[in-house]
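Colleague: Could you have a look at this structure, given as structure tokens, before my questions?
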Amino acid sequence: MKFEDLLLEIGGFGRFQILILFILCLPRINLPMHFLLHNFLAATPSHHCAIPHQEAFVNLTVEEVLLISIPREPDGTFRSCEMFSRPQFQLLLNSSLQPENDSIIQPCQHGWVYDHSQFTSTISTQWDLVCERRGLNQATATFFFIGVTMGAVVFGYLSDRFGRKAMLLLSLVCSVVFGMLSAASVSYSMLAITRTLTGVALSGVSLIVLPLGMEWVDIQHRTLTGILTSIFWSVGNMLLAMVAYLVREWHWLLVAVTGPCLLSIVCLWWVPESARWLIANGKVKQAHRHLLRCARMNGRKDFAEDMPLIMYAQRIVLQWQHKKPGESYSYISLFRTPVLRKISLCSGAVWFGVAFSYYGMSMNLTGFGLNMYLSQFVFGIIEIPAKMIMYVLVNRVGRRQCQAWALILTGLCIGANVIIPKPFTSLRSVVAIMGKGFSEAAFTTVFLYTSELYPTVLRQNGMGYTSFVARLGGSLAPLVFLLDEVWRSLPEVTYCGVAVCCGSVAFLLPETLHVRLPEGIEDIE
């Protein structure tokens, strides 16, 4: 008897599963509030060089002081990173005659003055992460995703070794601790370290929530489970825009997005360990207790009498097929057999492309002509219909086609905005929103698809490995913005090329539509 058959007997999608999914969706809401927090935490407002002895120009207006102290860009705006070595009073007579002698222009010598109309403070204004220190600003997001990358490896292994629930609880507790320490940072180094550790902790939440819910649901409702769980990510996206709009000071913004983890810790009390994992690891008595609870909540009390015999049979089947005494699995197991090796390599490439393009778009809120809070909110809203459409398509067209074309179309939308002229802001915004929808469709599908590709004994290792590769993509995505110093459109061209190439790799993966979740490596091979 397969585990799916046992689930059908006790209710594969009843009140028990709905309760679990609802509780697991609470930490899911919290994830994008941290993963996309860099947009607001490290936002760089308008700024210019601080002008020394400004009080000496008592007869000049603020605009006139800037005119004689700060050189202008060709579009008439004041430069952010340079100033005149001495006041250019002749510009008061004719401001259009900008000095051609570059020797009188120098980098900012006395710090910067920031526009605080939109942000009370960010880490950019706190530690002057602008101009030549701009790379450190973008590196903050990279440090966070490096932590997420390390966490994917750690929690992928630990959740297969010690169970899903225990590791989810550990990751939530660590998220609260390191999140609050980030808010209390007194130096950039402290912030970088604590944000990295927060990424490690949140990686466990990201990695465990979906498989834990999926392993309690029957085949017919697996897709619905993946889509519903994913929708709460979009809800978190929209909530981030609202929270960031209300909280403009970066310390309190970190507190605001970390606090909800406490609610998730409390609610986790009602979530059981995965019975599928317990059985696969020989912990039949605990699985028996959870399955009995599931049967009672789903109104299958008559089934409880037959449960011991079924559990015994299930244990024998799983141990005989998949788990010899003392046998253990690791990340190396993902590459030992031919079919599993191909799945691991291709799914890793797809995850890299999905994360790289998704975060590339999500962290460019000001590049499409919309207010950044509105962009964040609209990007969150567009994800919901994208998920609804994918729910229909993955069940009709199949996982593989949906995954490949969603990622390819994401790349094409990014590439289109390279060609569309800047003055066409409305058209650029529409194309960007479409691209964000395709990007989220690709992300929604890849979570569902990957959890169906790997067998139970390696599922968390597989999710950990693909999450590791995805976070590499997420880590590199913010740094690609620095390529605009080479060519203004180079970041977008890079995102486009990677998305199209990685989307094409998805055609090499097997289809999993209406296929039982594999229990062991033999089922894959």
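For all residues, glycine too, the Cβ spot is worked out from N, Cα and C.
Grabbed the feature section from TrEMBL, which reads as follows:
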{"type": "DOMAIN", "residues": "87-513", "note": "domain 'Major facilitator superfamily (MFS) profile'"}
{"type": "TRANSMEM", "residues": "139-159", "note": "transmembrane segment"}
{"type": "TRANSMEM", "residues": "166-186", "note": "transmembrane segment"}
{"type": "TRANSMEM", "residues": "192-212", "note": "transmembrane segment"}
{"type": "TRANSMEM", "residues": "224-246", "note": "transmembrane segment"}
{"type": "TRANSMEM", "residues": "252-271", "note": "transmembrane segment"}
{"type": "TRANSMEM", "residues": "343-361", "note": "transmembrane segment"}
{"type": "TRANSMEM", "residues": "373-393", "note": "transmembrane segment"}
{"type": "TRANSMEM", "residues": "405-424", "note": "transmembrane segment"}
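Walk me through the surroundings of each of these features.
Modeller: Taking Cβ pairs closer than 8 Å, the transmembrane segment (224-246) reaches residues 13, 17, 21, 24-26, 28-33, 36-37, 39-40, 209-210, 213-214, 217, 253, 256-257, 373-374, 376-377, 379-381, 383-384, 387-388, 390-391, 440, 443-444, 447-448, 451 in its own chain, all 6 or more past its ends.
Within its own chain, the transmembrane segment (252-271) is flanked in space by residues 19-20, 23-24, 26-27, 29-30, 33-34, 37, 40-41, 165, 168-169, 172-173, 175-176, 179-180, 182-183, 212, 240, 243-244, which lie at least six positions past its ends and keep a Cβ under 8 Å from the stretch.
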Colleague: Under 8 Å between C-beta atoms and at least six residues away from its ends: which parts of the chain pack against the transmembrane segment (343-361)?
Modeller: 35, 145, 334-335, 379, 403, 407, 410-411, 414, 432, 435-436, 439-440, 442-443, 446, 449-450, 453-454, 462, 465-467, 469-474, 476-478, 480, 491, 495, 498-499, 501-503, 505-506, 508-510, 524
Colleague: Which of 139-159, 373-393, 405-424 has the most Cβ pairs closer than 8 Å to the transmembrane segment (192-212)?
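Modeller: It is 139-159, which has the most Cβ pairs under 8 Å.
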Colleague: Sort out the residues at least 6 away from either end of the transmembrane segment (166-186), same chain, that have Cβ-Cβ distances under 8 Å to it, and list them.
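Modeller: Same-chain contacts beyond the ends: 27, 30, 34, 151, 155, 158-159, 194-195, 197-198, 200-205, 208-209, 212, 251-252, 254-255, 257-258, 261-262, 264-265, 268, 271, 273.
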Colleague: The domain 'Major facilitator superfamily (MFS) profile' (87-513): mean pLDDT?
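Modeller: A mean pLDDT of 86 is what the predicted model shows over the domain 'Major facilitator superfamily (MFS) profile' (87-513).
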